[in-house]
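Some features that TrEMBL has for this protein:
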type     : residues : note
TRANSMEM : 32-59    : transmembrane segment
DOMAIN   : 47-296   : domain 'G-protein coupled receptors family 1 profile'
TRANSMEM : 65-93    : transmembrane segment
TRANSMEM : 105-126  : transmembrane segment
TRANSMEM : 203-229  : transmembrane segment
TRANSMEM : 250-267  : transmembrane segment
TRANSMEM : 279-298  : transmembrane segment
Amino acid sequence: MSDSELMKNGSLSLCTEFTLVAFSSLAELQRVLFFVFLLIYLFTVGGNLLIICVIWATPSLHTPMYFFLVNLSFLEMCYISSVVPQMLVHLLVKSKTISVGCCAAQMYVFTILGLTECCLLAAMAYDRFVAICYPLHYTLRMGPSVCLKLAGASWMTGTVVESVQTTWIFTLPFCGAGNIQHFFCDIMPVVKLACVDTSQNEIVLFIVSLIFIMSPCLFILCSYVRILLTILRMPSAAGRHKAFSTCSSHILVVSLFYGTALFTYLQPKSSHTPDTDKATALMYTVVTPALNPVIYTLRNKEVKEAFRKGTQRKFLRHTD
C-alpha cells in the first residue's frame, strides 16, 4: 500500500519535524567540519562586510557598478547566514531535528535570496552592457533612480515568486521518518518526503525554475555577446583590456553561481542523489559566497586601491 493510501486510511502520521542527516555518517569528523565551516562563514561575512564598508567610505566608488556590488555583498552575507549557522549547530549537537515551521522559514529565506541573486546578476550585466556599448548614454540610462528600480525589481521578483513556490511546497503532507538527506531544507530533498504523488508539483517547480533561473541567465549571455562584439571592435588593445577587466569579476561570479544552480534545479528528480545534492549545495551555499569577496577584491583595481588608501589613512592616524 502506498504512502498516500495509508494516509487516507489514517494509519500514517504526518511529520511535525524533520531530521537533517547529511553529516550523521561522519560522526568522527563533525568537530573538524564545524571549525572548517565556521572559518569559511566568518571569512565570508567579514569579506563582504569589508567590501560594503570600503565602497561606502570611498566617494569615487559611488557608481552604479558598485551600488550593485554592495547589494550583492549584502545578499551573500544573508545567503550564507540562512544555512551555515544552523548547520554549525547540528555539527555540535546529537539531535539534528528541525521543525516543519523552521524548515519552511529557512526555505523561504534561502530561495528568495537565491532568485534575487539571479536577477541582481542580470542587473549587473545590464550595467556593464550600457557602460561598454553605450558609454555616452551611461549616466542617463544608469541614473540613481534606474539603479534603485533594478535592485528593487530584483528583490521583489525573488520575494514574490519564491514565497508562492515555498508556500505551495509546504501545503504538501509530509509523513514517515522525516529524514532529509541534506544539511538544510533545500527544495528537492523536502519534496521527496511528501507522502502523495508529487509528479505534477515537480513539473511546475521545473517550469518555474526554467523561467526564473534561465531568463536572467539568457539575458546575461545576450548582454555579454553584445559586450564582446563591442570590445572586439575597439581600436586599441589598452581599451579592449580595460573594458574586459571591468567585466571579468562579474563573469567569474556568474559562472560559479549559475554553474551549480543549473545543475541542481534543472535536472529531473530521478537524477538527484543525496551525495550530488550535498556536494553541489556546498558549492552554492558555502564556497561561492566565500569566493565572491576574493574575486571582487583581487581582480578589481579600484577596490584594491580604495582599500590600500583606507589602511594607509588608518595607519597614519595611529602614528600621529
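Placement of Cβ uses the backbone N, Cα and C atoms for every residue, glycine included.
Predicted, not measured: the structure shown is a model, and the values here were computed from it.
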Contact set, same chain, for the transmembrane segment (279-298): CB under 8 Å, 6 or more residues outside the stretch: 37, 40-41, 43-44, 47-48, 50-51, 69, 72-73, 76-77, 79-80, 83-84, 110, 114, 182-184, 186, 249, 252-253, 256-257, 260-261, 263-264, 304, 307
For the transmembrane segment (105-126): best-contacting stretch of 32-59, 65-93, 203-229, by Cβ pairs under 8 Å: 65-93
Chain residues in Cβ proximity to the transmembrane segment (65-93) (below 8 Å; excluding those fewer than six residues from its ends, i.e. six or more beyond): 20, 23, 30-31, 33-34, 37-38, 40-41, 44-45, 48-49, 51-52, 55-56, 106, 109-110, 113-114, 116-117, 120-121, 123-124, 127-128, 131, 147, 150-151, 154, 183-184, 246, 253, 285-286, 289-290, 292-293, 296
